[in-house]
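Taken from TrEMBL as is:
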type	residues	note
ACT_SITE	E182	active site, proton donor
ACT_SITE	E262	active site, nucleophile
DOMAIN	35-352	domain 'Glycoside hydrolase 35 catalytic'
DOMAIN	394-506	domain 'Beta-galactosidase 1-like first all-beta'
DOMAIN	531-589	domain 'Beta-galactosidase galactose-binding'
Amino acid sequence: VYYFLVRVVRLVCFWHNRKTADSRSFSIDYKNNCFQKDGKPFQYISGSIHYSRIPREYWKDRLLKMYMTGLNAIQVYVPWNFHETVQGVFNFAGDRDLEYFLNLANQTGLLVILRPGPYICAEWEMGGLPAWLLQKPNIILRSADTEYLKPASEWLAELLTKMRPWLYQNGGNIISVQVENEYGSYFACDYNYMRHLHTLFRLFLGEDVILFTTDGNTDKEMICGTLEGLYATIDFGTDTNITAAFIRQRRFEPKGPLVNSEFYTGWLDHWGEKHASVDTVKVSKMLGEMLSMGASVNMYMFEGGTNFGYWNGADHDSRFRSVVTSYDYNAPLSEAGDPTDKLLAIRDVIKNFRDIPVGPMPPATPKFAYGFVTLQKVLLDTLSPQGPVRSQYPLTFEEIKQYYGFMLYRTTLPRNVPEPTPLISPLNGIHDRAYVSVNGVYQGLMERDTALVMNVTGQQGDQLDILVENMGRINFGSYINDKKGLLGNLILGNDVLTDWSIYPLDIDTAVANGWLQAAHSGSAMEAGDGPMIYSGTLKSTGLAWDTFVKLNGWTKGQVWVNEVNLGRYWPQRGPQQTLYVPGPFLSATQPNNITVLELERAPSHRRILFMDRPQLNNTGQKT
């Protein structure tokens with residue numbers, strides 16, 4: 001009996017040890033101040049990449065370049081509004097196929113640090129929150145307000161259920177998950193909200209996954225952004241003292257790994273400001289110092305990508321500042337995914353801490369200068385097939401459920417105004433730019449925070465058109481309840497304007513259906529002032545390579561190639577002078593349709609130029 005029991009014990013120990021060896025785990029070793037992966041100390045060297053800013057066809061290329069640089073992990077934001085543009089309708093197909101992206105990363109050999117929000121900032125429209133939340137006029141975003149918490153919880157239930165199989169301990173590659181994002185920067189400081197999220201994340205992801213917070217390098221941010229049960233990490237860039245920053249993290253996490261969740265390799269651009277850059281020597285030197293301390297580091301961004309369509313965010317400090325279309329970020333991989341000198345310098349640093357994969361770095365994607373395309377003005381009766389909404393007073397984008405792009409507000413002049421008469425937005429209610437015409441003749445523009453009065457003339461009964469552009473909702477700080485359109489009454493002289501017809505403009509559908517290619521008005525028509533649409537064709541060349549479109553002499557607007565909205569151009573304001581056109585957006589065998597919405601004034605030549613390199617650093621007119 002004794003020998004039988006010994007054999008049983010030995011058998012149990014054998015199978016236990018085998019199970020332990022085969023099991024996957026990722027945890028925090030508080031005793032040795034490090035992460036543990038499969039029972040061994042682990043330090044991650046990670047880079048941020050946003051699948052929502054990169055064409056699906058290029059995901060594998062970008063991930064492979066990150067892996068070949070020596071990264072062992074990536075950090076990924078999940079924008080709620082990208083997946084639930086209509087409340088209750090979840091879209092994870094095509095360019096929104098997050099699980100396909102995670103699988104590509106897994107195949108490439110990259111672990112994942114997931115940042116599902118529900119708020120992400122990221123210089124993304126409304127910080128990733130869906131604009132339909134603003135239909136509730138008194139909603140307190142990022143708080144325990146039930147009007148916010150209910151849809152946020154429904155979103156997280158949908159998303160986190162999909163993510164659970166991708167956790168590392170479940171056979172996937174997600175090693176940690178962030179709860180909310182930089183919450184200490186927000187005014188609410190609502191611990192009940194954070195506790196609710198903590199409970200939700202545990203409910204859907206289980207007890208084993210590491211949940212963490214990320215906050216800026218100040219006491220206030222760390223106090224309001226951290227919560228017991230969530231591992232507190234910190235973020236900072238090259239202008240910060242490393243020792244002081246990690247001492248601050250240690251005050252909130254006395255034990256465990258040092259983590260810089262956002263080490264800034266570059267910075268974002270706003271229209272009218274100088275193109276941001278961060279010195280490569282400073283980045284590589286500081287990265288080496290942090291890794292030498294044993295810290296785990298995520299570089300934000302490793303590739304930024306592009307704010308296609310209307311996805312750019314905005315900031316508001318003393319005034320509203322919209323983020324440009326390019327999210328190049330002066331990152332190690334350029335907007336077009338090309339390796340830079342900064343990437344090579346970072347790889348040389350990483351070599352000192354882990355083995356770099358053997359083999360050549362994948363090359364830059366091929367570029368082509370397709371040359372000039374001349375555009376023609378388009379005749380189009382309406383871009384609002386469903387017709388107008390009629391209202392005594394102006395309604396916002398959100399009230400009409402037109403969340404992005406443009407709306408046309410139309411009324412008539414209530415009396416004769418033979419002399420220039422001020423048209424006023426008394427409560428700064430232009431969100432964000434308004435292009436004003438009388439009887440189809442462009443009068444000028446009004447702009448949030450900067451141009452709230454302009455003069456008009458006309459006769460009683462003349463048609464007054466105000467095309468309002470949403471320039472991107474605020475993504476950071478206390479003003480993220482950023483409604484768009486005319487937020488209050490407009491006053492002409494002493495008269496409050498009433499009896500509005502409001503047209504939600506669906507330009508993207510018109511482009512997708514080819515309506516704007518079918519009605520050329522002929523090249524003899526002169527270019528005019530005010531909002532107009534132009535179209536043309538880029539002939540097939542047998543190539544579908546990356547290119548960059550430059551709009552010399554054009555003022556401000558939006559560009560579509562085939563059915564894809566490339567984003568906003570504003571060369572007169574700068575710094576960005578070209579828009580990135582990924583090769584997958586083009587056809588090598590069929591003519592490519594080009595559509596331009598010019599909002600202020602087109603040049604007489606009406607040409608645009610397709611180049612083989614970007615121009616992101618020419619500052620135009622200052623705001």
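Count begins at 1; order follows the chain as displayed.
Every residue gets a Cβ built from N, Cα and C, even glycine.
The domain 'Beta-galactosidase galactose-binding' (531-589): residue composition by secondary structure is 3 helix, 27 strand, 29 coil, according to DSSP. Note on the domain 'Beta-galactosidase 1-like first all-beta' (394-506): DSSP counts are 4 helix, 58 strand, 51 coil.
With a 10 A radius on its CB, E262 (active site, nucleophile) counts 24 other CB atoms from all the protein chains. E182 (active site, proton donor) and the residue listed as 'active site, nucleophile' have their C-alpha atoms 11 Å apart, to the nearest angstrom. Counting Cβ atoms from all protein chains shown, the residue listed as 'active site, proton donor' has 22 others lying within 10 Å of its own Cβ.
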